[in-house]
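Scroll down for the structure; my scribbles are underneath it.
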Amino acid sequence: MSKTIKKIGVLTSGGDSPGMNAGIRAVVRTCAFHNIECVGIVQGYQGMIRGEFIPMDARSVKGIINKGGTILKTARSKDFRTPEGRKKAYDNLKKEGVDALVVIGGDGSFTGAMVFSSEFDMPVMGIPGTIDNDIFGTTHTLGYDTALNTVVEVIDKIRDTASSHDRLFFIEVMGRDVGHIALNVGVAGGAEEILIPEENLGLDRLLESLHRSKNSGKSSSIVIVAEGDKIGKNVFELKDYVDEHMSEYEVRVSVLGHMQRGGSPSCFDRVLASRMGVKAVESLLEGKSNYMVGLLNDVMSLTPLDQAIKGQSKINLELLRVSDIMTT
Ligand code: ATP
């Protein structure tokens, strides 16, 4: 028999992503709906160790659904990696009367949640919050859709310059070890080539493809490079290589960086966050623990945290083929 939950703690951890605030709002309001208390934990696990809790009610999360970042702040906590740090965090939660946790973050945050709940009697539920979409058990993580829209807007702008000056642009996008962002924005932004970690194109094929597009009458080109791509050491090395082997193009590099993580969440991310928050709280109330909520076939589903962490989020092979066809 699972214990009765009277108070849930919610925290954001790891890198921020658009939609985290909408997720906090959903958790808080679902708690209010079910007449249970909710506290926000400031700066993720670090705030748990410091004992920094904010009581939250339905009204305290007004006006945040459209805000990027996280009102609770986020952090990476070294102390939480130690048994002493986690014990301190547990003692603080007990003092505060917190019976269960909703952790909004990436795979590292979920690992921390798993370790914590195996050591102490504390049910945990994860909400995947990262723009990289690199978590198994959901087709979309919170913030991914917003990041795609942000990057596509920037590609459109860079294309204006590329075509005005007949230039070749290498645009590096985030995504860590997976190519979800690169593949999608590459197709949506009409890129000539998309370099992703899952598919090693090789430098020769890249040159061949750029020659082909030049010969087909294109005067400018955009190549999207996922930050985890292994074809060159980095995007600047790619530029040097193409500079050396292709005099036809003036080559430029644009590394988009952290702007991809900010901004107001898209409609999709706001709806996803709301659904995930409801599912997370109601699953805890049903006595479940150690799961991540996710979206699979447009249905809210639960994946055990260990599978969410270990499983690989796979690239859409059909999209890869579409991209190949579009770049002919
Ligand atoms: P992002 O996708 O943005 O990197 P993340 O959740 O993967 O987000 P991490 O920095 O890897 O971010 O993890 C967040 C926090 O989770 C860490 O700072 C640490 O406090 C905690 N954590 C991660 N791994 C462990 C672990 N093995 N044991 C205890 N805590 C951990």
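Cβ from N, Cα, C; glycine included.
According to TrEMBL, the residue from R76, R81, R159, R261 that belongs to the ADP site alongside R25, A26, V27, V28, R29, G190, A191, E192, K218, S219, S220 is R159. TrEMBL names T130, I131, D132, R167, M174, G175, R176, E227, H258, M259, Q260, R261 as substrate ligands; from the candidate set R252, R270, the record adds R252 to that same site. With R76, S77, G106, D107, G108, S109 listed by TrEMBL as binding ATP, the candidate from G9, G15, G19, G179 annotated for that site turns out to be G15. Under 8 Å, Cβ to Cβ, and six or more positions away along its own chain, D107 (ATP binding site) finds D134, I135, A308, I309. With a 10 A radius on its CB, M174 (substrate binding site) counts 22 other CB atoms from all the protein chains. Within the set of binding-site residues V27, R29, D107, E192, R252, D107 have a CB atom less than 6 Å from some atom of ligand 1. The most crowded of the binding-site residues listed here (D132, E192) is D132, judged by how many other CB atoms sit within 10 Å of its own CB. Model confidence over the domain 'Phosphofructokinase' (7-283) stands at 94, taken as the mean pLDDT rounded to a whole number.
Secondary structure at D107 (ATP binding site), taken from DSSP and collapsed to helix, strand or coil, is helix. Of the candidate binding-site residues, S109, M174, R176, M259, R261, the one lying closest to R29 (ADP binding site) when CA atoms are compared is S109.
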